[in-house]
Amino acid sequence: MTYSRTTVPFLPLFVPASRPDRYARAASSGADVVLIDLEDAIDSSQKDAARQAAVQALSGQAPRGPVWIRINGRGSPWYGADVDAVARLPISGVVLPKIQRKEEIVTLRSRLGSDIPVISLIETVEALADIREIAEVSDELIFGGLDYALSVGSSAGREALLHARCEVVLAAVLAGKPAPIDGITLSYTDPASVEDDARYARDLGFGGRLLIHPSQVAPTLRGFAPSSDELEAAKRALASDSAGARGVDGSMVDTAVEAAARAVLERQAKVEGRLKALQDSGNG
């Protein structure tokens with residue numbers, strides 16, 4: 001199977017594997033994929049029970065739309081059982097955390113024995129050092145800023161993580177993969193912070209963000225929308241009937257600027273459509 005994902009912004013919403021009662025709500029939240037979590041959301045004493053709950057739920061009436069599962073990392077005691085379980089499920093992707101080398105993705109693919117896409121979660125300094133190789137053998141990349149900061153011994157602030165974020169974006173582009181997904185915003189009661197974090201990720205070239213609560217969907221969409229200044233500039237650039245390079249309100253407009261302007265208007269239309277659908281469904 002050739003993996004293809006063009007939706008931007010792409011918003012996976014975490015749900016603990018131990019809470020199958022929340023799967024359907026997540027699927028109807030406006031997020032693009034339900035991300036069932038077997039790793040950080042589950043206490044070590046509950047790993048086996050959570051896995052069984054997910055298997056039972058997904059083997060029966062699975063939630064509408066695509067489902068990813070974040071398994072436990074390769075070095076954990078639960079990795080083998082997780083892989084055996086997800087290989088039999090009707091899911092759209094497996095998220096592999098705590099990656100350090102590309103061989104981990106290659107090994108996972110061989111164990112899955114299927115065409116299930118593998119999404120690599122970049123959250124260690126070793127993974128960043130091997131990021132170009134990892135991108136080549138992954139279907140998608142996610143940047144986990146909090147765990148990466150812990151791995152490298154830095155703060156999780158924007159300035160401290162700027163280099164790592166840019167490396168992840170560059171690796172995805174060079175490998176011809178979808179724009180990567182940025183990590184979470186911890187607050188789900190402060191929509192302004194959620195929107196601002198999404199806008200920052202968009203400006204760096206990310207194509208989506210991980211979400212931890214349905215309330216984050218709408219502000220994240222707004223963060224990926226063009227700003228009012230970007231919209232006005234795009235409209236001005238496309239208003240002239242002249243061809244070739246020209247000046248518009250003191251700024252040069254050529255074919256590249258026109259293409260960028262069309263992309264801005266297209267993104268605005270898509271985000272507006274998704275926000276309206278959210279509002280109509282009662283989730284906005």
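Numbering starts at 1 and runs along the chain as displayed.
Just so you know, glycine gets a Cβ as well, placed from its N, Cα and C.
Unlike curated entries, TrEMBL annotations are predicted automatically.
Sequence annotations record features per position, and here TrEMBL assigns domain 'HpcH/HpaI aldolase/citrate lyase' to 13-214.
Here TrEMBL flags Arg70, Glu123 as substrate binding site. The number of other Cβ atoms within 10 Å of the Cβ belonging to Glu123 (substrate binding site), over all protein chains shown, comes to 24. For the recorded site, Glu123 (substrate binding site), the DSSP three-state label reads coil.
The Mg(2+) binding site annotation in TrEMBL covers Glu123, Asp147. A simple way to gauge crowding: the CB of Asp147 (Mg(2+) binding site) has 18 other CB atoms within 10 angstroms, across all the protein chains here.
Separating the Cα atoms of Arg70 (substrate binding site) and Asp147 (Mg(2+) binding site) is a whole-number distance of 15 Å. Around the Cβ of Arg70 (substrate binding site), 27 further Cβ atoms fall within 10 Å across all displayed protein chains.
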